[in-house]
Amino acid sequence: MAKRAYNFNPGPAALPLEVLQQAQEEFVDFQGIGMSIMEISHRSKQYEQVNDEAQSLVKELLGVPAGYQVLFLQGGASTQFAMIPMNFLPQGKAAGYVLTGSWADKAYTEAKGIGETYVAATGEAGGFRSIPAVSDIEARPGSAYVHLTSNETIAGSQFAAYPDTGSVPLIGDFSSDIMCRPVDVSKFSLLYAGAQKNLGPSGVTLVIVSDELLGQASKGVPTMLRYDTHSKTKSLYNTPPVYSVYIMNLVLKWIKGKGGLEGMEQFNRDKTKLIYDAIDGSGGFYQGLVDANSRSLMNITFALGSEELEKKFIQESEKEGFVGLKGHRDVGHMRASTYNAVPYESCKALADFMNEFRQRNG
Ligand code: PMP
């Protein structure tokens, strides 16, 4: 078999090898039907089973309580930035946004064009090196909702705990950390995630929304952009991204086989510790870009002493088979994305490479 890269891509990102292999096995002839899953109706019993199975696995893995709908939508998380205020930010109400970096800012900017907003907390003064303290997040009484970004993919920061917003609905963008650890879904009225980091390929966006919030949706929103269009039809109102949902279903089974979200959390802690230890034990050769209490389990950002050294690090790491370590163009430096499907061995290899590179260049 071809040698697999040490894949630290930020998204689309690594998928479990076992999933790719199973998909390969079933690619040409799905369950003996003489066709692939992409070549049959989304209303066939074969696809309906995939759709149902994926939906129940989401519920099971995340412990989704009764009174919530699990939806598979299209348009990526970016479409959620608009759909949320279109549906849940009526005139006369304001929505609070917790600003933690680029992605929170994108969600906020989109909402500003649709309705009234306010900043519920911001980490801007500290250069987004840390997530605001939960106690500093302001949920103004009577707000439409408060929105937060659970994991800032570009900055490399992640909420350690979520605020209690009382009667104000809490909405979370979990695009880059969904299912990396257990989460109390009942704290949220809506959470969403593009699949292409932790759940599968791009093309499908997971949305979990409470019936209570659904009941408050604004009228007059175009059909495809209304949540109830999809909740009433098991996400089969129109043709779904069949192959993306199929792969997501395989990834969900893989997560379950790894001990569910508790298993994932332990796995992610073990593997990220290798890299954070390489940063912290480097005597300043590597500098983390996020304060320790806000560090992400999914995106590890760090700098080296000079641009020249960073260039050398990238060049040499690429020669060793490492992929995706260049930081986002907005912040530069380095970023290792260590999503669920990134193997322990890749993280061990990266930590070893970092230590060895420091010895040669420190
Ligand atoms: N939110 C976060 C936290 C993200 O990381 C991303 C994608 N990198 C998005 C939203 C946008 O997702 P999409 O490309 O699916 O629209």
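For all residues, glycine too, the Cβ spot is worked out from N, Cα and C.
Any TrEMBL annotation is an automated prediction that lacks curation.
For 6-317, the entry in TrEMBL reads domain 'Aminotransferase class V'. The L-glutamate binding site annotation in TrEMBL covers Arg43. Taken from TrEMBL, the feature pyridoxal 5'-phosphate binding site covers Ala77, Ser78, Trp103, Thr153, Asp173, Gln196, Asn238, Thr239. Taken from TrEMBL, the feature N6-(pyridoxal phosphate)lysine covers Lys197.
Sequence features, as recorded in TrEMBL, placed on the structure.
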| residue | record | contacts (Cβ under 8 Å, 6+ apart) |
| --- | --- | --- |
| Arg43 | L-glutamate binding site | Leu236 |
| Ala77 | pyridoxal 5'-phosphate binding site | Asp173, Ser175, Tyr192, Ala193, Gly194, Thr205 |
| Ser78 | pyridoxal 5'-phosphate binding site | Lys106, Gly194 |
| Trp103 | pyridoxal 5'-phosphate binding site | Thr149, Glu152, Thr153, Ile154, Asp173, Ser175, Ser176 |
| Gln196 | pyridoxal 5'-phosphate binding site | Gly11, Pro12, Ala13, Ser202, Gly203 |
| Lys197 | N6-(pyridoxal phosphate)lysine | Pro10, Gly11, Pro12, Ala13, Thr153, Ser175, Ser176, Asp177, Ile178, Met298, Ser337, Tyr339 |
| Asn238 | pyridoxal 5'-phosphate binding site | Met224 |
| Thr239 | pyridoxal 5'-phosphate binding site | His42 |
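Cβ contacts within 10 Å of Asp173 (pyridoxal 5'-phosphate binding site), excluding its own Cβ and spanning all protein chains shown: 28. Screening the recorded positions Lys197, Asn238, Thr239 for a C-beta under 6 A from any atom of ligand 1 leaves none.
Around Thr153 (pyridoxal 5'-phosphate binding site), a 10 Å sphere centred on its CB holds 25 further CB atoms from the protein chains shown. Here the domain 'Aminotransferase class V' (6-317) returns a mean pLDDT of 98 for the predicted model.
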